[in-house]
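**Q** Before anything else, here's the structure in question.
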Ligand code: FPP
């Protein structure tokens, strides 16, 4: 059982905005939170302790993103491939959203954060879905930071499901293939309604995208750090955002 702790939000109010203000803050930051297992192993601890500390980093990062003025924060919490892990670890990961929300949901409501979930509900344990749905329902009228959990999410599955849906519409005579546009595909993706990520962060030194937002990342800026996810904090987020703000995005054109 995960030890229940009091909300971190109040305790971490001390998180300060960067000394220099950043002009060009990305609207949507998406994070591949990697390295929980190695963080634990480095200290001779079981992997699940890494995930538990990863949950604390989720909290810190949410507060920091909010303070920086980021509008959308997407966190890759569980992929469609993560089911291959040992059952104990999967069970633990499936309890984390529930634990996190049991501690934090009141504060998230109060802080005007809107919680969303992007992924297949099918296959998730009912307790996980119930916790996520309650959080989505209780925060749906909030118009502050959007905290989007990618849970049981896989981009190839997302694209495949989108194709199936459009295929069914074509078969029913409700859609002309010529009328399919990138914007239409966008709306049919699980991320429908969110802008594409401006900045994608991956922790732990791995430099791959692991089936994450493949359609949506066409023009995302990437930022990698060797830091393991449980050690991630506002300083790394500021560093990533500051570097983003210095880059020039050309979208295939010229400046
Ligand atoms: C990858 O690290 C991390 C995951 C598969 C799980 C990520 C989950 C969290 C950070 C907690 C989520 C919290 C909430 C509130 C949903 P890894 O285990 O693959 O690390 P390793 O590569 O070092 O083994």
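Cβ atoms are placed via backbone N, Cα and C, with glycine included.
Sharing the feature lines straight out of TrEMBL:
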- 34: active site (ACT_SITE)
- 34, 221: Mg(2+) binding site (BINDING)
- 35-39, 47, 51, 79-81, 83, 85, 202, 208-210: substrate binding site (BINDING)
- 82: active site, proton acceptor (ACT_SITE)
**Q** Counting every protein chain present, what is the number of Cβ atoms, excluding its own, within 10 Å of the Cβ of residue 39 (substrate binding site)?
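**A** Summing over all protein chains shown, residue 39 (substrate binding site) has 25 other Cβ atoms within 10 Å.
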**Q** Could you list the residues of the same chain, at least six apart in sequence, whose Cβ is under 8 A from the Cβ of the residue listed as 'active site, proton acceptor'?
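**A** Non-local contacts for the residue listed as 'active site, proton acceptor': 90, 93.
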**Q** Measure the Cβ-based neighbour count of residue 202 (substrate binding site), defined as the other Cβ atoms within 10 Å of its Cβ.
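**A** The answer is 23 other Cβ atoms.
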**Q** Want to know which binding-site residues, from 80, 83, 202, 209, 221, are within 10 Å of residue 34 (active site) at Cα; which are they?
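**A** Neighbours among binding-site residues, in sequence order: 202.
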**Q** Taking only same-chain residues 6+ apart in sequence, whose CB is under 8 Å from that of residue 80 (substrate binding site), what do you get?
**A** 119, 120, 152, 153, 154, 157, 211
**Q** Listed binding-site residues: 37, 80, 202, 209, 221. Which have a CB under 6 angstroms from an atom of ligand 1?
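**A** Those binding-site residues that pass the cut-off, since their Cβ is under 6 Å from ligand 1, are 37.
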**Q** Tell me which of the recorded positions 34, 221 sits in the most Cβ-dense spot, judged by other Cβ atoms within 10 Å.
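**A** Answer by Cβ density within 10 Å: 34.
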